[in-house]
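Here the structure comes first, spelled out in structure tokens, and everything after it is commentary.
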Amino acid sequence: MHETTLKREGASTPSNPTPSTHAAGSGKIYIRTFGCQMNEYDSDKMVDVLREDQGLEMTDNPEEADVILFNTCSVREKAQEKVFSDLGRVQHLKKLNPNLVIGVGGCVASQEGAAIVKRAPYVDVVFGPQTLHRLPELIRRRRDEGVSQVDISFPEIEKFDNMPPSRVEGATAFVSIMEGCSKYCSFCVVPYTRGEEVSRPFEDVLTEVADLADQGVREVTLLGQNVNAYRGRIEGSDEIADFAMLLEYVHEIPGIERIRYTTSHPKEMTQRMVEAYARLPKLVSFLHLPVQAGSDRVLAAMKRGYTALEFKSVVRKLRAARPNLTLSSDFIVGFPGETEEDFQKTMKLIADVGFDTSFSFVYSRRPGTPAADLQDDTPQDVKLKRLQQLQALINEQAAAIAQSMVGTRQRLLVEGPSRRDPNELMGRTENNRIVNFEGPSRLIGNMVDVIITHAFTNSLRGRVAGTEESDQGAA
């Protein structure tokens, strides 16, 4: 489970914190974010609505915050206990600042609802992914009525109609184009925590992307639980825009130079989507396409809706359209009933397809899902051993891809200072590889060509491309 705070890193707790003394309208907000990019996007929107309504600004120190929010994820095991553990760490701040508001949002909030307040009465607001736009109202009601507020309803796409314009810094941005999931995989809680699939209107998405481009954004990542299931209403028409059509229109927005999207579903990878990789050069040569397993028996038990052969067929079509396409994927190891033979079929699929990265986990039972009722008789040590084998194979493939890039010419979007050395810069290739290199700060936010000189485990090193003579031989 991915975990961030806005400002991207949580602050440590001093032994003698001081109470917050900010006046209304000049306070601060601290958000800790768990989970996927959708949650990161939602956290940014929480800041936007509270900044516009109450003048709050971000802090990376919970001790100076007037509002503390936890944006939670319920995908992994023991997510609820993690939330209560984190809540316990900030409870003492209430005594120091009685006006402090503590809130829980995201998918755990959607699952647990009022049970969070019952167990942790010091929590002031509980809200779901679809009601984050109501945060200012919930906070006001909590302060006016003195009673904790809970709103985990599913008002479909309403939240996007109540969002202030995005305010971004940097050359990249997320744009949520749909919410929820209607696939109901047997292991997954998302349909129960985020609701059914609902797409934003076509023009709304294009307007947001165009506004971001006007602010200097060069790369957008289109977000959705099943992003390629997008079906957006076109204003003044009975026509519905599918995801391929949306990509075609985003591709034409001036200023946008790269388009990414996540997360996609193999069943929704239409022929028109495949053809987009041949026709739309701004669509990057990197795709996250979760497969989960390589055994047809396990895939059927997961209710994924495709076979291993069908998945490989989709990949073949995509790579025919874009030969240099690299893939990442999701894998669940130790799903109930998985045999050694099933696992070896997953390993064969990985060997056949080739992946650059993966998010792979040991199966964890999620209450309320159909898979929770299946007998889970695989010993934990066996699951962990399989996970290690799977990750080792993908790491081997990733290392080979990285090594193959040494000596090649790659176009980067320069995102900012390098995390390894603040005197250097960091950019990202089309296939999502981080490259550290020396260069002037004026390159930040721009595209630049580099020659890859070294490959490491989690990054590449390069130098800014010079003349053709000095770079002779670079592909």
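Residue numbering: from 1, along the chain as shown.
Placement of Cβ uses the backbone N, Cα and C atoms for every residue, glycine included.
The feature [4Fe-4S] cluster 1 binding site is assigned by Swiss-Prot to Cys36, Cys73, Cys107. The compositional bias 'Basic and acidic residues' annotation in Swiss-Prot covers 1-10. Positions annotated as compositional bias 'Polar residues' by Swiss-Prot: 12-23. The feature domain 'MTTase N-terminal' is assigned by Swiss-Prot to 27-144, with sequence analysis given as support. Per Swiss-Prot, domain 'Radical SAM core' is recorded for 167-400, and the stated evidence type is sequence analysis. Taken from Swiss-Prot, the feature domain 'TRAM' covers 403-466. Marked as region 'Disordered' by Swiss-Prot: 1-25.
Residue with the densest Cβ environment among the binding-site residues Cys36, Cys73, Cys107: Cys107, by other Cβ atoms within 10 Å.
Per-residue pLDDT, averaged over the domain 'TRAM' (403-466), rounds to 95. According to DSSP, Cys107 ([4Fe-4S] cluster 1 binding site) sits within a helical segment.
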